[in-house]
Each structure stands twice: as C-alpha cells, then as structure tokens.
Amino acid sequence: MAGGFSVSGSGVEFEAKITPIVIISCIMAATGGLMFGYDVGISGGVTSMDDFLREFFPTVLKKKHEDKESNYCKYDNQGLQLFTSSLYLAGLTATFFASYTTRRLGRRLTMLIAGVFFIVGVIFNGAAQNLAMLIVGRILLGCGVGFANQAVPLFLSEIAPTRIRGGLNILFQLNVTIGILFANLVNYGTAKIHPWGWRLSLSLAGIPAALLTLGALFVVDTPNSLIERGRLEEGKAVLRKIRGTDNVEPEFNEIVEASRVAQEVKHPFRNLLQRRNRPQLVIAVLLQIFQQFTGINAIMFYAPVLFNTLGFKTDASLYSAVITGAVNVLSTLVSVYSVDRVGRRMLLLEAGVQMFLSQVAIAVVLGIKVTDRSDNLGHGWAIMVVVMVCTFVSSFAWSWGPLGWLIPSETFPLETRSAGQSVTVCVNLLFTFVIAQAFLSMLCHLKYAIFAFFSAWVVVMSLFVLFFLPETKNIPIEEMTERVWKQHWFWKRFMDDADKHHVVPNGGKSNGATV
C-alpha cells in the first residue's frame, strides 16, 4: 500500500501508510451516510404518490387533483411537512445523548446504537397502519440520524491519515448522495406498484440500516477514542494497525497529550463557549446554517413534488429526481478527488458562483413560465429547469455538502471535539427541520422568488468563506490551533498563548499537542 509521512507542527513526522483496514473501516462507517441519504430522498417521492396520500393525507390528494388550487400551493400541508421534518427534530434531540455516548462509550458503539434505531424505525414505517405509526417510525429514524451523524464524521476524521483525511471523510457525504439516488430509483420503481408501493419504499431503508449495524460490529474504534477513555495500550495497538507501521510514538504521544488535557475538562459544552474555542464554534455553527440556506435540502426532499408543481407528470418528476440524484453522486466524487489537492476554500468559493447563477436562472424561468393556474413549461423550458437544478446540485455536492461535515469534524480540539460535533449536528438538524417544515409553505407564498431568496443567502455565505474561513487541508487534526487559528488574520485575536490548555511545554519546547 502507499506509504508516507504527515508532518506535525513541531516538525515531527507521523509515519502512516494507507492501509486496507483504514479504507475498509471508513467505507463501513460511512454507510451511516447511506441511511441518512435514503431517509432524505425517500420522503419526497413517497409524498408524491397518490396511494400514500390516499392512506394518510386525503385532503392533500384532493387539493392535488383540483384545478382551483394554485400550482405552488398544492402540497402546502403542515401534517405532510411534519412527516418529512419529524425525523430531523428527533435527530436534534438525540444528538445530546449521542455526544455522551461518543465520549464515554466510543465512536463505534455509538454507530451501533444508531443502527438499532434505524432498524426499529424502518419496521414501524413499513408496517404503518395510521399516521401515528408513521410519525413514530420517522422519529426513531431521526434518533438514528442523530447518533450516526455525531459518530461517523468523528470516526472518519480520527482514523484517516492526515494527507487523505478530507477524501476519506467525504465518504460520509458520498454515501448520503448514494442513499438519495437509491431512494429516487426505488421511488421510480415503486410508484408503479399499487396500492402498496410506498410501503416497499419505506421498508427498503432496512438495507442501509443493516449495513451500518453490521459495519459497527466489525470496525475498530479510533485510537483517539480509546486513549480518551484510558485504554492506552489498546489505542497504541490500533494505531499501529491502522497506520501500518510500528513507528507510531510521535502520533501516539500527541494524542495522549491531547487526551490528558481533555480529561481536565469537566464541562465540554461550557468549554466550547470559552474565548479560545469561539472561532471553531462560530465556523461550525455558521457552516451548518449556510448549508441549509443554500436550498439544497428543499430541492432534494421535495424534488418529485417540486417537478410535479412545475407541470411534470408523476413519472417524469420522479425520473427528473433520479437524474439530479445521479448528478449529486458523481459531483461528490469530484470532491473526494480534489478536497486534499485544491483545498476547502477554493471548492466553496467556486461553488458559490455556480449556485448563485443557477438559482437566479431557475427563478427567472419559473417567473416567466409558471403561474398560479398555468404550469405548461414546454419541453425546452422543462429541460432547462432540470439542467439548472443539476448545475446547482453538482456545485453543492462538491462543496457545501461534504465540507459542511468535514470542516467542523477536523477543527475542534479533542477536549471539545465530541461536544463540538454535537452542536454541529444539532444546528444542522435544527435548520434542516426548519427548511423541511417551511419549504412547501414558502413555495406557496414566495412562488418562484424562493430561488431568489436562496441565491441571496449564497452570496452571504460566499463572502463569509472569502474573509473568515481558514484553509485546513493537510493540517494534522491535533494541531489546528497552532497552525490554523493562531495564524488567521481575524481569529488569532481569540487565541491566548498564556492559556495553559493551548500548548503544553515539553522540555521547554512545544510538542505540538494543541487543544
């Protein structure tokens, strides 16, 4: 396998080969993203199926087939939106418990708990006889999302060698996109199965749920997690195993030092608010808010519903959603290749321009061609809308999609990493919930201007990246403070060298263990 060295801030070289166990562990752990993506993708297709609406939302079905209802308002129903968004509200709540389990029980066991929640939730959804069972199933799936999204990005960032950390971490987002595509393909097939096709759509979530559960049973926990829980020898043995070398002392000592400082922190959530941790916290929180206000989840949740609204028939709308799902997967592969080469900032800035232009174009086309009563786009215009949606999705998929998870998971010091990831997931799910719950109502009231609304947010977030987001590629995870935050023109003012938690002297010199 390929070998190499990761250079630490103190000049110490961390020897690390790209070993099969690292690749396999990362692939298995990243199936948590597969489950998340399937849950995101499946709800939009299911809620556009007449059989599903007849069973649970007959009033929406009636509105859908009545000409008197505005095209933009056919699906404006709080109960229907709650079906989609309840998952994210449950995930938000579960995140607080997941922070405790990742710290006390480890990353691996937390992923196993997520898998169990997913399996039980799938059973409830597939067998749902009424709306209550349906919502309970979504809530259980949401708990799984909370635990998985807490543990998986941390696991990937900690187990990966520094020089390919970005690419391996993006496996999580790649699996999210594959899950969405899988869901779109399933919906395209099950829409033709009457009257129980929707049950099959919801039940097939059991496949990614089983993969995550089995994966969590067989992967090793991260050295950082084992050492943090006092299992030093086991942590060193795992470090040797995953790095493919016996020469792990420098990296081991750095993790031990970071862990020692982490043990002194009794209240990690309170510690997040301390001045020296504010840059990481602000970046993590804003990245999650900005990620949702690109409008991506609004489009991915409701792609079939959205295309239906624009005048596509059910088959055509699901087919168009499959196309956008495929573009999502392929574009995320671009990020896997380029994130450790061109860096995080460049991908985000390029995507900002592309997302802005495509959303403005969609708003203009819809403003001209789709009115409250007329949705006859015409073949050429319809193709243009799909192309513009794909252009938008592709730019998101190689930027804000994966990097919204990668950057927070690699910037927090060990002492606040679990708490920081918890806040990251919590904010992400909170704003995902807000968008999921509000989108169909916003579409009803703003109409085509909803895309102009999201494009304005893209301008704001791109300016933030330009001025305030530091580059983190090829920086060892335990050395972000010294080599990133203390060097940044704005954030360095929050870094206090006198703070004993920053750099612990070792024979009069920094050993590079920053926290």
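Placement of Cβ uses the backbone N, Cα and C atoms for every residue, glycine included.
Averaged over the topological domain 'Cytoplasmic' (1-17), the predicted model reaches a pLDDT of 48. Feature annotation from Swiss-Prot assigns topological domain 'Cytoplasmic' to 1-17 (among others); the stated evidence is a curator's inference.
Tertiary neighbourhood of the transmembrane segment (18-38): same-chain residues 1-4, 111, 114, 118, 144-145, 148-149, 151-152, 155-156, 159-161, 164, 168, 171-183, 204-205, 208-209, 211-212, 214-216, 218-220, 241-244, selected by CB-CB distance under 8 Å and a gap of 6+ residues from either end. The feature transmembrane segment is assigned by Swiss-Prot to 18-38 (among others).
Annotation comment: Swiss-Prot describes 39-78 (among others) as topological domain 'Extracellular'.
The annotation transmembrane segment is assigned in Swiss-Prot to 79-99 (among others).
The topological domain 'Cytoplasmic' annotation in Swiss-Prot covers 100-108 (among others). Look at the topological domain 'Cytoplasmic' (100-108): DSSP puts its residues at 7 helix, 0 strand, 2 coil.
Within the same chain, residues 29, 32, 35, 94, 98, 101-102, 136-148, 150-152, 155, 199, 202-203, 205-206, 208-210, 212-217, 219, 221 sit at least 6 positions outside the transmembrane segment (109-129) and bring their C-beta atoms closer than 8 Å to a C-beta of that stretch. Annotated transmembrane segment per Swiss-Prot: 109-129 (among others), in sequence order.
Taken from Swiss-Prot, the feature topological domain 'Extracellular' applies to 130-138 (among others), supported by a curator's inference.
The transmembrane segment annotation in Swiss-Prot covers 139-159 (among others) and rests on sequence analysis. Beyond its flanks by at least six residues, the transmembrane segment (139-159) meets 22, 25-26, 29-30, 32-33, 35-36, 39, 86-95, 97-99, 101-102, 107-108, 110-111, 113-118, 120-122, 124-125, 165, 168-169, 171-172, 205, 209, 212, 219, 222-225, 242, 405-406, 408-410, 417-418, 421-422, 425, 428-429, 477 of its own chain at Cβ-Cβ distances under 8 Å.
Feature annotation from Swiss-Prot assigns topological domain 'Cytoplasmic' to 160-165 (among others); the stated evidence is a curator's inference. For the topological domain 'Cytoplasmic' (160-165), same-chain residues at least 6 beyond its ends with a Cβ under 8 Å from one of its own Cβ atoms are 4, 6, 14, 16-18, 22, 26, 243, 340, 410, 474-477.
For 166-186 (among others), the entry in Swiss-Prot reads transmembrane segment, with the evidence type sequence analysis.
The topological domain 'Extracellular' annotation in Swiss-Prot covers 187-199 (among others), and the record cites a curator's inference as its basis. As a summary of secondary structure, the topological domain 'Extracellular' (187-199) carries 7 helix, 0 strand, 6 coil according to DSSP.
Residues of the same chain lying 6 or more positions beyond the ends of the transmembrane segment (200-220) and with a Cβ under 8 Å from any Cβ of it are 21, 24-25, 28-29, 31-32, 34-35, 38-39, 42, 45-46, 49, 108-109, 111-112, 114-116, 118-119, 121-123, 125-126, 128, 137, 141, 144, 148, 155, 179, 182-183, 186-187, 190, 193, 238, 241-242. Sequence annotations record features per position, and here Swiss-Prot assigns transmembrane segment to 200-220 (among others) based on sequence analysis.
The topological domain 'Cytoplasmic' annotation in Swiss-Prot covers 221-280 (among others), and the record cites a curator's inference as its basis. Secondary structure by DSSP for the topological domain 'Cytoplasmic' (221-280): 45 helix, 0 strand, 15 coil.
According to Swiss-Prot, the feature transmembrane segment maps to 281-301 (among others), an assignment based on sequence analysis.
Summarising the annotation, Swiss-Prot assigns topological domain 'Extracellular' to 302-315 (among others) and lists a curator's inference as the type of evidence.
Residues annotated as transmembrane segment in Swiss-Prot: 316-336 (among others).
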Proximity of the transmembrane segment (316-336) to the transmembrane segment (166-186), 3+ C-beta pairs under 8 angstroms: yes
Recorded stretch, among 166-186, 281-301, 348-368, 380-400, 449-469, maximising Cβ pairs under 8 Å relative to the transmembrane segment (423-443): 281-301
Positions whose Cβ lies under 8 angstroms from the topological domain 'Cytoplasmic' (401-422), at least six residues beyond its ends: 95-96, 98-99, 102-103, 149-150, 153-154, 156-157, 165-166, 169-170, 172-174, 176-177, 224, 228, 255, 258-259, 261-262, 264-265, 268-269, 271-272, 277, 280-281, 283-284, 287-288, 290-291, 296, 328, 332, 335-336, 339, 344, 347-348, 428, 469, 472, 475, 477-478, 480-481, 484, 501, 514-515
